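Chemist: I'd like to ask some things about the structure below.
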């Protein structure tokens with residue numbers, strides 16, 4: 001009788017532990033992590049050839065720590081990421097988190113536009129539950145592929161109670177970065193993701209998650225933005241400045257219907273003189289112009305060498321140009337009031 005009681009007790013405990021495992025959805029979008037090449041030493045490969053089921057199967061240990069479910073949102077190289085996939089991905093994340101089906105989300109993604117997708121989700125996901133983006137710099141068939149360990153670490157970040165309320169994060173190369181701050185800094189190195197203005201917010205070493213700081217800008221549940229009723233995003237173009245520049249790209253952007261322009265200027269966001277004039281005309285015509293810098297870190301300050309008040313320009317605070325574009329697109333779904341949009345840049 002005692003042996004039967006122990007056996008039943010063990011069965012109950014086992015069932016309880018199984019139920020207690022958090023449910024993590026892995027939403028796959030493609031990228032190098034899902035890429036394959038002709039050989040382990042071949043640097044050429046094709047992104048988005050490996051399905052989510054195979055990604056999960058390559059890291060069986062994640063099933064020991066969470067109930068894993070996978071969905072294929074897209075299977076593309078992230079250089080082809082677009083608004084349609086963003087909207088589909090964000091809406092699915094909101095559905096899974098707010099319905100209680102998922103305790104956390106891991107998004108597998110190419111590294112080229114990972115920072116943009118991360119920041120977009122950081123602004124439109126309406127939940128405090130963890131959302132983690134992860135990718136790889138070496139395809140799945142490469143010698144010393146980094147994807148499997150990155151995915152294992154990402155799931156550990158997603159199940160960590162310390163990840164709740166941190167906003168969307170990027171987990172790569174044993175580091176955890178806030179979506180607002182992170183950027184890709186190297187074309188080939190596995191340590192490519194950095195946060196130039198603030199540094200990483202945590203680390204994850206073989207599943208051991210540690211945080212050292214919290215993002216303080218508004219994000220996720222406290223963000224001003226949501227996708228209710230949003231079917232498409234307004235066109236916003238980035239225009240980079242250089243020596244001996246010309247205004248052609250500004251004029252073309254306006255002609256082709258851009259609602260906003262992010263000017264990635266020289267130094268502290270300074271456009272070439274003829275580009276400055278063209279941006280001023282665009283602003284007069286109702287296009288929202290945000291000054292940014294091509295430098296890669298630091299704040300683009302208001303009314304320095306450029307008289308922003310005179311031209312009606314906004315500034316991006318310390319967002320890089322690609323993230324300023326994301327924020328401006330979402331801002332324009334809510335308002336065209338420049339003062340309100342500038343407030344968004346200072347708070348998100």
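Placement of Cβ uses the backbone N, Cα and C atoms for every residue, glycine included.
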Chemist: Pick the one from 74, 78, 160 that TrEMBL also lists for the substrate site with 111, 112.
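Modeler: Substrate site check in TrEMBL: besides 111, 112, the record includes 78 out of 74, 78, 160.
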Chemist: Using Cα coordinates, what distance in whole Å links residue 111 (active site) and residue 32 (active site)?
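Modeler: Rounded to a whole number, the Cα-Cα distance is 7 Å.
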Chemist: Tally of helix, strand and coil residues over the domain 'Asparaginase/glutaminase C-terminal' (235-345) according to DSSP?
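Modeler: Breakdown, helix to coil: 44 helix, 23 strand, 44 coil.
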